[in-house]
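Positions annotated as transmembrane segment by TrEMBL: 28-45, 51-77, 108-135, 155-175, 187-208, 228-250, 262-284, 314-339, 360-380, 386-412, 424-446, 452-473.
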Amino acid sequence: MDTKTFDSSSLVDVEVAPAAGLSRTMSLWGGTSLIIGCMVGTGVFSNGGRILALVGSPGMAMIIWFTGALVSLAGAFSYTELGMMMPESGGDLPYLEFIYRKPKQLMAFLYCWCRIVLVHTGYTAALGTVVAIYLKYAFPLAGAALDYEEWVTKAIAVATITTVFCLLAFSNTIATKSTSIITALKLVIILFVVVTGIVMAAGGFPSVPNPSTFADSFEGTSTSPGDYATALLTVFFCYDGWSYLSTAMGELKDPQRNAPRAIVGGVSTVSALYIGANLAYLSALSASDVKGSKEVLAAEFATRVYGEVFGKKVMALLITFSAYGTCLAISFAASRVLFEAARREFVPFASTFSKLHPRFGTPFNALVLHYVMSVVLAIAPPGLDTFFFICDAAQWPVWVLYSITLVGLLVLRRREPLMDRPFRVWLVAPLIVIAAGIFVSVLPFTQGGKQALAAGIGLVCMALGIPAYYFVVYRPQSRGFKRAASSAN
């Protein structure tokens, strides 16, 4: 039976410079490392307490972490089918362009819109806030400064985002050179926590009292579906990054054989580290201590086991540096998404945002826009407990778009049965991800309060993308210049 291969030439009506052909040089280990590097973030140091507070019991919290691993594995396999069908760069963008033909480029535009307006800016603002929180933990405020703690936190977050902007605006190599160092640091910290937990379980720290956290593992378990939806969304934030191997299918050697192995190896490694780290936290801290730790769980754990100097200074500063590096990497990626969206004429003033700085060779204008939006998002939410709120708002459209993309995979199975599929995922895998996406997108609205407000911000962001699409793409003449007029120089 004849098969068809993917051709992206007819997807866009804007002239975009083609990317150079990429050779298959990525090994199995390279693919596995890519998944691990993209998935490992700072969430495992900060989010465990919130997850336990939401679901109520240590046993259920561990089930939530395991569920996050299962959904990530299913999602990674599902995206592998798309990535091997359409070996293009750009993440979900080429998939959405090919699958959803009418209205032309609407879904692709919404993907870029949400990433630019809320997702990447939200992550940057949240990471700037984490830097502030851990710095305050290492160097507590005192005296009159306590009266202005909210604004001190916001000021440090803004200063973090500002220095990140300056580094990226004047150098193209800072983020790329630091990525491997930051990833290695995060892995070392997680491994340190896991090994400490193993030593704790073996009785290696007799001076640290056993909190007997697992004596009744499921006591106090929540019965609210909305709590589970928010807990899963929080876990998914920690596991995010599983889809990125699909963007490198054109570079992976023997992808039909190596892609499944890289996925299993990468996702399983990260899952084992995350679950091990959370078991370690619970080996030294009581359930109430974990719930009350808020964003500084890892530092609280180190303080309990190793004392004030190491926990409140060394560990806190290591995580601060890790969060700063992650903020740098996210901002780097965000500027490139905005730059590529401008090249496709997906933003107003596309010719401005698709230009590189003549001296530094960086997407300077794109970085300026990302910087301004990130600062606004870091300052705007009132109060001190803004980290989780920003994360929830940013994650909501991510999972709506994951679901839309994988519904598209099912559409392609029916619409393009003859299309070449070097890898075909079991049908249950995309169904698991779609079901998870629906669950975490709908249920927060039943909770009210900040959970519903965060989801509402995500919904409003996506909804505003529709009129933006109408004026920016569907009726390009409303911008005052033709779509073909912008330059990608």
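Every residue, even glycine, has its Cβ placed from backbone N, Cα and C.
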Dominant neighbour of the transmembrane segment (108-135) in 155-175, 187-208, 314-339, 424-446, 452-473, by Cβ pairs under 8 Å: 314-339
Stretch in 51-77, 155-175, 187-208, 314-339, 360-380 most in contact with the transmembrane segment (424-446), if contact is a CB pair under 8 A: 51-77
Intrachain residues whose Cβ lies under 8 Å of the transmembrane segment (452-473), provided they are six or more past its termini: 103-106, 109-110, 113-114, 117-118, 345-348, 389, 392-397, 400, 441, 444-446, 479, 483
The transmembrane segment (360-380) and the transmembrane segment (155-175) contact flag, 3+ Cβ pairs under 8 angstroms: yes
Touch test for the transmembrane segment (228-250) and the transmembrane segment (262-284), at least 3 Cβ pairs under 8 Å: yes
Chain residues in Cβ proximity to the transmembrane segment (155-175) (below 8 Å; excluding those fewer than six residues from its ends, i.e. six or more beyond): 124-125, 127-129, 131-132, 135-136, 324, 327-329, 331-332, 335, 357, 360-362, 364, 367-368, 370-371, 374-375, 378-379
For the transmembrane segment (51-77), distant same-chain residues with Cβ under 8 A (at least six beyond the ends): 35, 39, 213-214, 217-222, 227-228, 230-232, 234-236, 238-239, 242-243, 245-246, 260, 263-264, 266-268, 270-271, 274-275, 278-279, 282, 287, 290-291, 402, 406, 425-426, 428-430, 432-433, 436
